[in-house]
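These notes are about the structure you will find just below.
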Amino acid sequence: MTNALWKSLYFATITGLSWCSCCYDAGPGQNPNIPAIAQYFSTKGRYEEVNPYLINDILAVNSSALQPPSPQCRQIHLTAIIRHGTRYPTAKNVKKMQDVHRVVQNSTGGRDSWLREIRDWRMWYTEDMDGRLVRKGVDDLRHLAVRLSKLFPSLVAEEKLRGGRIKFITSSKHRCVNSTLSFIAGLTEAWAIRDMEVEHAVNDALMRFFDKCTKFLEEVDKNPSALIEADKFKRGPEMKRVQEKLADRLDVPYDLITYDLVEAAFYLCAYEFAIKTVNSPWCRLFDQKDAQVMEFALDLKQFWKRAYGHDINSKSSCILFHDVFSRLDKAVTEHNSGREVTEAVTVQVGHAETLLPLLTLLGFFKDSRPLTSANYATQTHRSFRTSRMIPYAANFLLVLYDCGGEDIRLQPLVNEQPIAFPGLTDQGESMPLYEDVKRQYQELLQGCDFETVCELFKTPTEG
Ligand SMILES: *[C@@H]1O[C@H](CO)[C@@H](O)[C@H](O)[C@H]1NC(C)=O
Ligand SMILES: *[C@@H]1O[C@H](CO)[C@@H](O)[C@H](O)[C@H]1NC(C)=O
Ligand SMILES: *[C@@H]1O[C@H](CO)[C@@H](O)[C@H](O)[C@H]1NC(C)=O
């Protein structure tokens with residue numbers, strides 16, 4: 001399908017929608033095609049909810065947001081670490097969705113017509129879908145590729161691709177390989193390239209480091225007590241209220257509605273929206289307060305399993321951390337010695353579980369207090385919100401600039417928005433000197449050895 005055709009189809013499904021911040025607070029009456037709770041879907045959220053201007057124009061970029069310190073700054077390298085696009089639920093989640101579907105079909109409450117709509121809703125998710133990329137996921141990556149070519153025109157450029165200076169590395173999971181191919185297709189379609197094959201490398205050691213880090217696997221992944229705060233919250237008063245409200249809406253006994261069923265219903269709303277762009281009747285089971293509680297429960301899980309909750313979570317990404325910085329070093333060295341940078345662009349496609357530990361290792365989205373089962377109320381304005389950080393097609397970009405002489409700068413962006421390196425904010429802008437960034441991460445650069453930190457029964461003393 002051509003870009004233009006797809007776009008027109010896409011907009012046909014969200015007719016009459018004009019972007020404004022009111023979309024979020026609006027009741028379903030005002031923007032019937034976007035669930036009122038769409039900004040709380042955590043890792044099941046749509047990228048467009050993070051950058052709402054994309055709802056009007058999926059290829060829009062805001063180049064002025066990059067704001068290099070002087071107009072003579074030139075882009076010399078881009079590393080893009082990208083999560084795969086929108087996908088089907090995994091087999092495990094499909095099972096839970098089937099469970100909640102059965103409970104709802106059994107419910108007798110019939111006062112509301114939307115309840116009948118849920119009962120009539122046909123369960124179409126099957127276990128064999130097992131997390132594969134959907135059509136919307138293909139477009140997530142195709143469109144991201146085009147936007148990056150607009151944001152970084154001298155790097156994500158046809159002659160760089162033809163010259164083999166854009167490199168692709170992906171996790172072996174089908175959804176990631178497909179995302180990589182979709183990103184490449186976005187570029188080759190945009191430049192009408194038909195006479196060349198673009199290669200990609202599969203590298204799970206880099207993109208699925210979490211599977212290879214023994215200490216992480218033993219102490220967190222397979223250790224139920226590592227998630228004790230998340231579990232406590234699921235049994236706590238805020239969640240109990242969400243379960244009771246849902247039971248009331250369905251007119252079923254309270255003890256029938258477990259946390260897992262609530263989560264499955266929430267995910268059904270999220271998947272129907274992300275995959276088909278429909279505001280399904282499942283969304284009516286939650287109001288905004290409920291959705292905020294659900295989001296916090298999901299954030300808690302990510303916090304303790306992939307982020308600041310345990311030190312090994314972020315340390316497991318040491319291998320990717322060093323890979324990124326050695327590539328940046330190489331680009332700077334080549335550039336400073338007057339050569340053309342070998343890898344103008346590196347695109348690395350992985351998972352939410354790839355991005356979150358790395359962002360954590362670098363200190364992004366760190367609140368002054370950890371997220372716990374007891375501080376839902378005081379964490380309302382937390383920066384650790386997975387809905388904003390890691391929706392489908394989430395991306396972490398590192399852009400090297402030459403601003404004249406040996407003035408080399410590094411700009412980090414998350415989901416195409418510039419952010420500041422923690423501890424380097426006194427620079428007044430988000431583009432510090434590369435040397436200052438390296439000084440900031442000196443300890444990690446000198447330590448953070450994957451083999452050492454992932455070894456079980458050994459506490460590394462450095463990095
Ligand atoms: C683009 O970025 C500039 C600078 O950060 C900002 O002031 C402006 O609001 C942005 N525009 C949009 C449409 O987001
Ligand atoms: C559906 O209702 C029947 C009859 O009340 C009951 O036996 C069965 O356990 C219910 N099933 C579910 C999934 O709630
Ligand atoms: C990628 O996913 C899309 C959408 O599910 C599918 O149509 C396509 O065949 C997949 N591509 C590959 C190479 O598997």
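For all residues, glycine too, the Cβ spot is worked out from N, Cα and C.
When other Cβ atoms within 10 Å of the Cβ of CYS403 (disulfide bond) are tallied across all protein chains shown, the result is 17. A coil conformation is recorded for CYS403 (disulfide bond) in the three-state DSSP classification, outside any helix or strand. According to TrEMBL, the feature disulfide bond maps to CYS73-CYS403 (among others).
The Cβ of CYS269 (disulfide bond) lies under 8 Å from the Cβ of PRO35, ILE37, SER280, TRP282, CYS283, LEU285, PHE286, each of which sits 6+ residues away along the same chain. Look at TrEMBL and you will find CYS269-CYS283 (among others) tagged as disulfide bond.
What TrEMBL lists as signal peptide is 1-20.
Within 10 Å of the C-beta atom of CYS73 (disulfide bond) sit 20 other C-beta atoms, taking all shown protein chains into account. Taken in sequence order, the disulfide-bonded residues CYS73, CYS269, CYS283, CYS403 that lie near ligand 1, meaning a CB under 6 Å from one of its atoms, form an empty set. With a 10 A radius on its CB, CYS283 (disulfide bond) counts 25 other CB atoms from all the protein chains.
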